[in-house]
């Protein structure tokens, strides 16, 4: 944001699996991470299990597609998670951008596997890394798997690898396109602790695969994903997010200057013309400043130590505060509260009372998404809640602006003040267009940048969002700065007749 597969009987994909033949034309030459294909099973065993294992492989690779499409790289905090009798065939942990000196460390304790059918083969349960590029090849391989396995069953015979490393035909762990780290066969009394170097720069997702039929897995997992700097220190931020602390720090400084200038206007130079809405806008700047500051500190400590040292609490708190105040300010400015009229209408109050709890819900969802991860069983649900609530907020705050524009059009037909009404309509129409542009850019364009940008440039989407937000604030604060009412709606007297013609032609209909 995104990848949390639920139990097979409850799992509902967010979108249908697209015909993968259409994707092959865009593929590059595959890079096989494993040196050799898996060894064949005995002829009779392979013939008996090939169809079932092929279906199992297709399910696993479909879940991989969902996970890869939804997950965005996160700050790789050192995370610990416990699983108790988990039946999921695939668990997504994290996506991370590695340099040529990256590493993954996995610590497992208390691992146990139970199955009501038969004893599970520990070689069919394990962890692996998979890049987005290899994902397409792995899915394509899974589609072609049944015919290949039938041919192998008819012509080959033999047993497991001498070293016991086989993962079984049809298991994603045996795919040559994944970087298998280890299986449960390598565990010592349910425990494991090892670091794996990643020398090929790319963006990888860490998965756990359970290919054993009806196997239930219990374990406690601690994961660390990092790059090693030239001085030997660990960097827990992905390659594409290395500049993020500096970006947030820079914008925190910008908001300090912004707040100082705004405070001078509202508390000193234009104090007489300042209204309640202007003081609420000051609170918005304070909240945005503290949000950027806490985000910079949060990312800085994660980068250096792998843990936020409590800054994540401040980050989510100020994210909530600035979100609530921002949507409240947009709604109140759209109604003209305090600088045009002293009180709100009932319907405007209802919009405000709807936006505030929606923003609280959206920020709770964002906190759950950020602090858990794709391995959390309700992760996809929380992503859907966040998307729905955010869209609802964006739509709700536009209603007051639309109502103001329509009210002004009705008033202009009776009060005889065409020039003043034209100025008001122009002001609110501009604000309406800019709000839509800002919401569209930060919700759609920024998401597109996250999706299409190379993993080395993930920071570009964060920079674009912060630039757009600062530009929107500058427009809104400048347009509705403290001033006499005539400043907002001033037109020369000789423009009165032209204004009447414009209003008569209804050029301001939405």
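Yeah, the Cβs are placed from backbone N, Cα and C, and that goes for glycine too.
Features of the protein shown, as given by TrEMBL:
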type	residues	note
COMPBIAS	142-152	compositional bias 'Basic and acidic residues'
DOMAIN	83-227	domain 'CAND6/7 N-terminal'
DOMAIN	244-486	domain 'GOST seven transmembrane'
REGION	142-167	region 'Disordered'
TRANSMEM	246-265	transmembrane segment
TRANSMEM	277-296	transmembrane segment
TRANSMEM	316-339	transmembrane segment
TRANSMEM	351-370	transmembrane segment
TRANSMEM	382-405	transmembrane segment
TRANSMEM	426-447	transmembrane segment
TRANSMEM	459-480	transmembrane segment
**Study point:** Beyond the flanks of the transmembrane segment (382-405) by 6 or more, those residues with Cβ under 8 Å of it
**Key:** 1-2, 14, 70, 327, 330-332, 334-336, 347-348, 351, 354-355, 358-359, 361-362, 365-366, 368-369, 372, 425, 428-429, 431-432, 435-436, 439, 443, 508, 510
Review point. Which stretch, 246-265, 277-296, 316-339, 426-447, tops the Cβ pairs under 8 Å count with the transmembrane segment (459-480)?
Key: 426-447
Check your understanding: So which residues does the transmembrane segment (246-265) touch in its own chain, when a touch means Cβ under 8 Å and the partner is 6 or more beyond its ends?
Key -> 274, 281-282, 285-286, 288-289, 292-293, 295-296, 299, 459, 462-463, 466, 470, 473-474, 477, 481-482
Revision key, fill the gap. Averaging pLDDT over all residues of the domain 'CAND6/7 N-terminal' (83-227) gives 82
Review point. Cβ under 8 Å to the transmembrane segment (316-339), counting only same-chain residues 6 or more beyond its ends: which ones?
Key: 275-278, 280-281, 283-284, 287-288, 290-291, 294, 345, 348, 351-352, 355-356, 359-360, 362-363, 366-367, 370, 393, 396-398, 400-401, 403-404, 428, 431-432, 435, 476, 480, 485, 488
